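For reference, the structure discussed in these notes is given below.
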Ligand SMILES: Nc1nc2c(c(=O)[nH]1)N[C@H]1C(S)=C(S)[C@@H](COP(=O)(O)O)O[C@H]1N2
Ligand SMILES: [Mo]
């Protein structure tokens, strides 16, 4: 993706390959603590999560109940990494830029308009949208098409709750997610790296899958702006770019919608973009991935799993050639 040439012809460096010293050093201390067993009676898992939370800087808390069906037993990505290593091109194409520039995004007041092929179109204030269904915490893997991955505790509820409320018509076969498009607040929009606004989409049955999470928070707090505040989608079985951030519009449509990365490079990014280790990106393999936080001494390549390990979605694609509909 970003390994793509920019319109100005400069190839973006893989800044992703460099681990900031502070992160590396805090990890080394953590490993050292583990070695001396300094915290007696604490499981490795708890300690790992304590490390993940240690970096939170007192953003606004968001209460949610962990949904045990999605309580993944994998070490969570450190909060610091999840909030400083971002893809959010509206705020710049470098991984470190969104954390520095997304402060300019005003997330209140904020409305989300639900329109198109629905019997009950509605514009909801973000705080009403948050209250539409009980908030759950779900720990999901996130696999970026670029070959890296994270484990993030999101807060939200199944998108199906909202879909039910607006009553899709018989014509509704796809759903579009449209990101805010405001040059005053999003400096990256001045660069024609993508066609703006950022639009992503799903088939309606995919959108109704319980895994599709309308997301308002992470790590027990409201979403930081760089992670897509005040509302984004999280689709853990698909490459990360399907999960549109800072959504202002959700539109129900008859035909497969235009989507940002598919329009930019249709041979590289398919409409479906399900995580699939057997379908390589034309310019790199998708068979393995690098888990963010496992760099340095502990560098190791993990095997990428079909549907990112979420095999429960397989029935959505039965009978489809996933090499063709990638
Ligand atoms: N509007 C918008 N949404 C976006 C993107 C973007 O550039 N703009 N990047 C996508 C990509 S490529 C990824 S991997 C994820 C990253 O989410 P995170 O920064 O919360 O980890 O957001 C996705 N959603
Ligand atoms: Mo991505």
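Keep in mind that glycine also has a Cβ here, set from the backbone N, Cα and C atoms.
Database features, via TrEMBL:
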type	residues	note
BINDING	86, 89, 90, 144, 179, 227, 232, 243, 244, 245	Mo-molybdopterin binding site
DOMAIN	106-261	domain 'Oxidoreductase molybdopterin-binding'
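Shown here: features listed in TrEMBL, placed on the structure.
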residue: 86; record: Mo-molybdopterin binding site; contacts (Cβ under 8 Å, 6+ apart): 95, 98, 99, 226, 227
residue: 90; record: Mo-molybdopterin binding site; contacts (Cβ under 8 Å, 6+ apart): 179, 180, 186, 188, 189, 196, 198, 245, 246
residue: 232; record: Mo-molybdopterin binding site; contacts (Cβ under 8 Å, 6+ apart): 215, 223, 243, 244, 245, 246, 247
Within 10 Å of the Cβ of residue 244 (Mo-molybdopterin binding site), how many other Cβ atoms can be counted across all chains shown?
23
Can you work out the mean pLDDT of the predicted model over the domain 'Oxidoreductase molybdopterin-binding' (106-261)?
98
Using CB under 6 Å from any atom of ligand 1, narrow the binding-site residues 86, 179, 232, 244 to the ones that qualify.
86, 179, 244
Return one of helix, strand or coil for residue 86 (Mo-molybdopterin binding site), based on DSSP.
coil
Near the Cβ of residue 179 (Mo-molybdopterin binding site), how many other Cβ atoms are there if near means within 10 Å?
24
